[in-house]
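What follows is a short report on a single structure.
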Amino acid sequence: MSKKKWAIVLDDSKCIDCKACTVACKMENHVPLGMYFYRNWVAERTKESEFPMIKRMFRPSQCQQCENPPCVHVCPTRASYQTEDGVVLVDHEKCILCKYCMTACPYDARYVNEEIEAIDKCTFCYHRLAEGRIPACVETCPPKVRVFGDLNDPDSEVSKLVKMHDTEVLKPEKGTKPKLIYIKR
Amino acid sequence: MSLLKTKVSRRKFLGLTSGALASTLVMSNFGVLKKVGASEEKGNSKYGRKFVPSTCAICVNKCGFIAEVDNGVIRKINPNPKFFKSRAMICARGNAGAKVPYDPDRLKKPLIRVGKRGEGKWKEVSWEEAYDYIVDNVVKLVRKYKNRSTIAFASTEGFQEEYFIDLANIIGTTNTVRHPTLCLASNIQGYSSVFGTFPDADIANAEFVIIAGSNRAEAIVTPDTIDMAKNHRKQTLIYIDPRATKTTALADKWYPIKPGTDLALVLAMIHVIIKENLYDKEFVEKYTYGFDKLAEHVKQYTPEWAEKETEIPASEIYWLAREFAKHAPRSIWYPGRRSSFYANDVYYRRACAILNAICGAWDRPGGLIPKSKIPLRKYEIEFPIFDWTRDRIDAGKVPFLGDVLPEEDKTDAGLPTDSCQYLSEKDGSWILFREAILKGVPYPVKGLFVYKQNPVESVPNRKKTLQMLEQMEFICTIDVAMSDTAWYSDVVLPESTYLERWDPVHSLNGVVPIAVMRQPVIEPLFDTKSMFEIMCNLAHKFMERKDFWEDTSEEDLEMFKETCLKRLTKNPVKDFAKYQVSKYPGAFEQLLKEGVFYLSDKPKYGKTLKDGFRFKTRTGKIELYNVKYEEKGLHPLPVYTRHTDPKPGQFRFVVGRHGQFTHASTQNNPWLLEAYGDKENAVWINAKVAAKMGIKAGDKVKVKSPVGEQIVKALPTEYIRPDVVFYVHGFGRLSKGLSNIYRVGASDAEIIVDYMESISGNAAMHETFVTIEKI
Ligand code: SF4
Ligand code: SF4
Ligand code: SF4
Ligand code: SF4
């Protein structure tokens, strides 16, 4: 059996900043209330422009599930680790809250979860994958901005989307090789 | 220039110890969590995990969901993949609904007021005590005034609203007032005056869509919002609004039109389409009435003229008209929903419908489509006829109608000035209704039942609503939370939430109709009941009062007992639901298991285009020229009236929606408040105007109108015209039972002037001018 390579391909030109993905993630993963606690987010990218030349643009994002994850490299206790199928996770038991990973992550994807006293971040809803379900943020999105799937499977929707469109990743210069892949506008 | 930044960087908090983080940021949240934990214990203690399909009720869309329940506690509300009406999604509000039953602000027991109205002193009572209190008061009032219509009923839509209306029928009042005249009454009226019905838009198959004043990204309507977003790369979406809302993210062009002039734009487009022979001649000839008169009428409305009105360049108007006609029948001027903008709104909506009609973009793929429905069985209930029932208080000739019309519309605007012409019997007109009650004309209305609605926050001119409540001798509110209206009531009945009860089957009418119902996801957590149970119990209580039935006949009463008391109130909602779909084998089981039932998942086009079909208009055709309007002395063709401009120093106040909030009902949900991105609302002011006035982001300003004033934060932004200001609905609340938003931010109900559209009875929400003053 070949290994999976889970990824999310996004067409954020469809995003309406409805926050279904952020609320769904909080519900699914017991992320505490509070504006500094989140596993995913929607950033407004509207170019600074003057009335009436306005075009609003939104960019939803989360942990990039880097193939080359600096957060894992710097973690002194190996609490941060990468699974076989390339998902970066945090073992909450091992985490000592040194926050090296938070500093190392170029995407500001991690936060301190007070309730579990550990660093927390997007897991690609790993518990759902085990049941054959897709991540909560992917599933709930009204226009389905995110598509989840296996990049190692050439017939998966994600592989097709990547083949079909021009794509980009965030901060490629960091060499992290994100598995959050954006379709260009 | 930016609005609320949607992502907060956590970087600066890296240095803080986790302890400091906890104390500054999450303290209050822990409080909530603890309470939630406590209430969860009371819930269904059945162990195990289950997935229960049911239907969302946090907004009007009613999306199918599948709730994941762990050990009797709702863990997550997930979309129902079979629910194609909302394209298998659950929005932010639907997701946050998982916390609704556990909200510490919920009403948990019946309450009777002990202090003064609005003082907030309550005593918890049993349901029996509450029912006795209600029945005593109603009987007393009806006998005192020898008038059953002295009791009024205010409600908003929902799957159990019919039971509330049943209660109104049992009491024998005609005075029910519903939400449409604060919403889309003028829209329904305008489109119906052309097509005989209010259609849906086939966005999924349209190529060219114009959406004016309907902010579909933030006011989600299924499936329209989703189809607009999904079609983003292949569909042209034109967005017309004085504000650059989130809908501009999907738009190919945004026109910040001068408010109040949309009708000029539509008329000029019709002008171009006719003049350049771009209309669908065959369609016009075969299906419409009055084209020649229309053609003659719109000669005056040139794009050059419209440019001066709308501030949209004539060249753009030509382009819009030509593109619209080119893509027809896959072109739509989007009908929208809340349409209560101006005092002549019906004429505007008529013009929008006419534009679609002359292009033949009707009942064909990608155009406007008459709604289809799934027919359901129902019980026929015979309510008694009473001698003491009187006509609606807002019907017929109303001597004070001028009081609720803007100055310029009192004379030759082509609007009725002595009565509200097309009042729907059940809906009434909120503005006129309240005005009549305040004046006590033609008779006093002294009792009020409120279900699910919150008139204090939803009807313009809050002071008048409070006065209306003040003059009531009895007010009973049924709700899940202590709304502002509940706060001023005498008795408050706690309803079970939509996650804790059975609701009957409803057909969601549309391009493709779909039927849904509700089954309980969890058992009721507190001492609450559904509207159905409340109605049944009250019905039987009223029966015990002999002195309540003397103005009806024995015969009527017998019929009522047979049809209502023995049938309706003796069968649980679950059995009724089963009966409703009993003509479709397997439908009920499918609803239980899959959460949806439908006859087809494909749209059917063209049933109104078949030979011999009669549109529900006087001529049986699509009426470009409305014959009935002519008879009533109204404009049979849409006539443009110029609206007053704000004077120097004034701004036009516009209303609008936000994706996290359903009307005034979800602002208190902490997850949605957080997703909104702020703890309070803020007034949008054009950045340059604000700079000139010395107003900076976050400054407190006073927003003052002829009827009220509010203090609110300023939000200078490039996203709004210089002559317009706006803030989000539903803040600055009066009920202490809404702990996250009590007196936080500003209420728009407090400052909007209560003007009315007298053809539909709709509130005219954009006729208010305000001044802004830094404090
Ligand atoms: S749910 Fe989808 S549309 Fe909504 S904010 Fe998230 S990505 Fe954007
Ligand atoms: S985005 Fe940040 S947290 Fe996620 S894998 Fe990359 S470095 Fe690690
Ligand atoms: S994949 Fe799961 S954990 Fe990650 S952002 Fe989406 S919902 Fe949250
Ligand atoms: S749109 Fe959202 S709130 Fe409305 S019914 Fe659907 S899920 Fe519920």
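In case you wondered, yes, glycine gets a Cβ from its N, Cα and C as well.
Note that TrEMBL annotation is computational and uncurated.
Residues or ranges marked as domain '4Fe-4S ferredoxin-type' in TrEMBL: A:6-36 (among others). Secondary structure by DSSP for the domain '4Fe-4S ferredoxin-type' (A:6-36): 13 helix, 5 strand, 13 coil.
Here the domain '4Fe-4S ferredoxin-type' (A:54-85) has Cβ contacts under 8 Å with residues 3-8, 10, 12-13, 15-17, 21, 25, 39-47, 91-96, 98, 100-107, 109-110, 118-119, 121-122, 124, 126, 137, 145-146, 169-170, 174-180, 182, 185 of the same chain, all six or more residues outside its ends. Annotation source TrEMBL lists domain '4Fe-4S ferredoxin-type' at A:54-85 (among others).
For A:86-115 (among others), the entry in TrEMBL reads domain '4Fe-4S ferredoxin-type'. Same-chain residues lying 6 or more positions outside the domain '4Fe-4S ferredoxin-type' (A:86-115) and placing a CB less than 8 Å from one of its CB atoms are 4-6, 30-32, 36-39, 61-67, 69-80, 121-124, 126, 129, 170-171, 174, 176, 178-179.
When pLDDT values are averaged over the domain '4Fe-4S ferredoxin-type' (A:6-36), the model yields 97.
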